[in-house]
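Participant: As annotated in TrEMBL:
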TRANSMEM  12-31  transmembrane segment
TRANSMEM  43-63  transmembrane segment
TRANSMEM  75-97  transmembrane segment
TRANSMEM  103-128  transmembrane segment
TRANSMEM  140-157  transmembrane segment
Amino acid sequence: MQTMRWRHAFRIAFAFGFFQALMPLLGWFAGSQLVTFLQRWEHWVAFFLLSYVGGKMIWESFFSDECEKKSCVEFPVLFLMSIVTSLDALAVGITLGVLQTAIVLPALVIGGVTFGVCFVGVYVGHRLQSISTTFQEKRFEWIGGIVLIGIGLRIVIEHLMKGI
């Protein structure tokens, strides 16, 4: 098991906080030009990406050795997860852009809160993981994969329920 340092927790929190703040800004600038397209497809993109990452986590919890696992602080993994989990913030930004509402303060609040929650969550989660057995660790990874797939399903179901 890797040692979690403050800088790792900071790196993860920064990546998630940065993209949670950036996506509403990008969405706001995109505004009404892309609103129809994004409303039609963003939920499916989020669902498939979250399902892929969640499915990969579940697979690796059963069939991967510890030395084969990629670290969550490696750039490609962190970049993908940060973008995927901030797609809903992009939709918020588009909505605020269409409504011609101010965006800077909401984006800073979203990014700041995300940073704080991620920093504490990663650090505390790692501490809890450090007292767990290998079996429990694999179970945590499996549960994490299920949670990501569940988030993707929630996004799709909420979108489909709007049409009813």
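Any Cβ shown, glycine's included, is placed from N, Cα and C.
In the displayed structure, how are the listed features positioned relative to their neighbours?
Facilitator: Away from its own ends, the transmembrane segment (103-128) comes close to residues 4, 6, 8-10, 12-14, 16-18, 20-22, 24-25, 28, 89, 92-93, 96-97 of its chain (Cβ-Cβ under 8 Å, at least six residues beyond either end).
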Participant: Please figure out which one of 43-63, 75-97, 140-157 racks up the most CB pairs under 8 Å against the transmembrane segment (12-31).
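Facilitator: Answer is 75-97, with the largest number of Cβ pairs below 8 Å.
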Participant: So if I exclude everything within five residues of the ends of the transmembrane segment (140-157), which remaining residues of that chain have a CB under 8 angstroms from its CBs? That is, six or more out.
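Facilitator: Non-local partners: 43-44, 46-51, 53-58, 60-62, 88, 129, 132.
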